[in-house]
Amino acid sequence: MSFSAAQVDTVRSNWCSMTADIDAAGYRIFELLFQRNPDYQSKFKAFKGLAVSALKGNPNAEKHIRIVLGGLGRILGALNTPELDVIYKEMASNHKPRGVMKQQFKDMGQAIVTALSEIQSKSGGSFDRATWEALFESVANGIGQYQ
């Protein structure tokens with residue numbers, strides 16, 4: 001799926017505001033993901049056996065959260081370019097062995113959209129939920145085609 005220049009600008013702008021406090025945003029994303037999908041926590045080696053409340057301050061959790069958010073940053077940087085397909089293939093290859101499939105990417109997208117919406121609401125910034133939802137549908141489909 002291709003996104004308009006305005007949509008790309010919107011998601012990148014929202015992303016930049018989130019990265020101002022990336023640790024807090026990352027913890028919120030995973031808190032939402034695991035509250036909604038408790039069984040997903042076992043798919044993350046760094047989070048296994050941790051209470052969701054214990055993610056903050058855990059160096060293994062922090063490291064993995066930054067890896068996940070870094071991957072999303074790569075996707076946003078590659079929107080509407082051929083590089084995006086390369087990233088999708090890599091993510092599919094990295095996640096399939098752990099049973100992380102298209103649905104899990106959709107669910108992660110929902111957690112990210114909710115967290116970003118909260119962050120934008122607190123900062124008074126605009127948030128185009130429909131564009132973000134379309135983006136994560138596209139991401140899940142893009143990765144899913146290689147699984």
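Glycine is no exception: its Cβ is also placed from the backbone N, Cα and C atoms.
The residues of the domain 'Globin' (2-147), classed with DSSP into helix (H, G, I), strand (E, B) and coil, number 115 helix, 0 strand, 31 coil. According to Swiss-Prot, the feature domain 'Globin' maps to 2-147.
Residues or ranges marked as heme b binding site by Swiss-Prot on the basis of sequence analysis: His64, His95.
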His95 (heme b binding site) CB neighbourhood, other CB atoms within 10 A: 19
